[in-house]
Amino acid sequence: MIKLFNTLSKRVEVFKPIDDVVKIYCCGVTVYDLCHLGHARSYIVWDILRRFLIYSDFKVKYVQNFTDIDDKILKRAKEESSSMKEVSEKNIIEFHKDMDSLGIMRPDSMPKATNHICNICSFITILEDKGYAYSRDGDVYYSVFKNKNYGKLSNQNIQEQNINQQGRMANDENSKKLNPQDFALWKKAKDDEPFFDSPWGKGRPGWHIECSAMVKDELGDTIDIHLGGSDLIFPHHENEIAQSEAANGKKLANYWLHNGMVNVNGQKMSKSLKNFTTIRELIKSGISPMSLRYFVMTVNYRKPLDFTEEALRSASEAWKNINIALSFMDLTKGAFRYIDKNESIEEEYKEKISFELSQKKLKFSEALGNDLNTAGAIAIIYDLAKPLKNFLNQFQRVEGFKIDLNEKFFLIENFKTLEKLTKVLGLEKEVLVKESKITEEEISSLINERLKAKKGKNYAKADEIRNLLNEKGIELIDQSKEITTWIRL
């Protein structure tokens, strides 16, 4: 059973899909710049939701759009002396690079607003025909007061709304509107702007109508889950509901899920406040992609995530331990690849281990099924990683270490379970997560120096070299007194 907090009902509800395929729409980025940690949090969280649904045997169709026409894109194009298309296409490529680096599965479909202009115009025409929209000198607006249910998602009282709280609309447009709260469906083109032809003349779509049209075209009138950041609840998602339900006469989405913001010094991380850190900058600073992913999972997805160097370092250390456990097969040099046919293990012991691991998998599913409790899921991951890490400490440092057959079976099955469950969280083993300034030749030289120190019983010097290499992202593995291997962390 999967339970999710529905922003629409303001309570946790049991998830019941409409049909065999779970239809999900996630609001995508406006492609005018590189993505920051706030974007990373949102798309990591929803990637985990998608992965967990698939793990739970649901079929999923996941759609995420690109807003590729917008005031910010036009402004950036002017700054760079380029076109709107050049700016958006360049940043779409960079978006994919960032998301791929974080292990985020690509959506099944990623529609662009500019490819749906005909659908958008048709959608606006329906709203006009039904009396929900009106045109003024080439602009088209949605009449908020025509919709008695407006405000049901955000609990906004339209009588009390601030006139300036209109998303991406300029104040000088208010004079064209019947009411200050009405919002733009179509914007008349300015002399120096790119435009599209429409029944109302040359112009471009408003922000909110783009998503309504793309949801309908990609997934139909009613979808299972609509996703986004909590900053989109109003006005964007509220306006989506108003548009779609007025035009289609059906509920837009059964479940509305929103992730909390990333905060810096108590303020939302955003480009407008200039307090953001891009994903690229974080990774370049030495934070591995999986450490970043792990960091996002440490806090409930609906709560604010406080961005501090200390929290990132703590997440990196925690992930390092899990990553070592995920490297178990590599570090044991194939000794645990399989159980030989001639090696006999009691069925009673096999059943015991199988039951214990099935209980861990059950608790893992219960955690994620409880409104994506990633912290609870991580606790299970730690339970699985601990015996593998403990064994490696012995295996790497004790010469001639012998492996008990039952323990071998347990560790193999434990590793398989760990590998399976970390994939649900999108956590993948990292061999090289950051560039190291130390070369392989330098590593080998220091290892030889350390071996000489150990032979001379200069253990302080040996520890000093180990610590030095560890600071440079190198983990030493003592296979015997004379053989030491290493991995990059």
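Note that Cβ sites are derived from N, Cα and C of the backbone, with glycine treated the same way.
Close to Cys211 (Zn(2+) binding site) in the fold, though at least 6 residues off in sequence, lie Tyr25, Cys27, Asn65, His236, Glu240, each with a CB less than 8 Å from its CB. In three-state terms derived from DSSP, Cys211 (Zn(2+) binding site) belongs to a helical segment. Annotation comment: Swiss-Prot describes Cys27, Cys211, His236, Glu240 as Zn(2+) binding site.
Among the features that Swiss-Prot reports, ATP binding site is placed at Lys271, with the record citing sequence analysis.
The motif ''HIGH' region' annotation in Swiss-Prot covers 29-39. Nonlocal intrachain contacts for the motif ''HIGH' region' (29-39), taken as residues 6+ away from its ends with a CB within less than 8 angstroms of a stretch CB, comprise 66-68, 70, 72-73, 75-76, 87-88, 91-92, 94-95, 98-99, 229, 261-262, 268-271, 276-280, 282, 292, 307.
The motif ''KMSKS' region' annotation in Swiss-Prot covers 268-272.
Mapped onto three states, the DSSP output places His236 (Zn(2+) binding site) in helix.
Look at the motif ''HIGH' region' (29-39): DSSP puts its residues at 3 helix, 2 strand, 6 coil.
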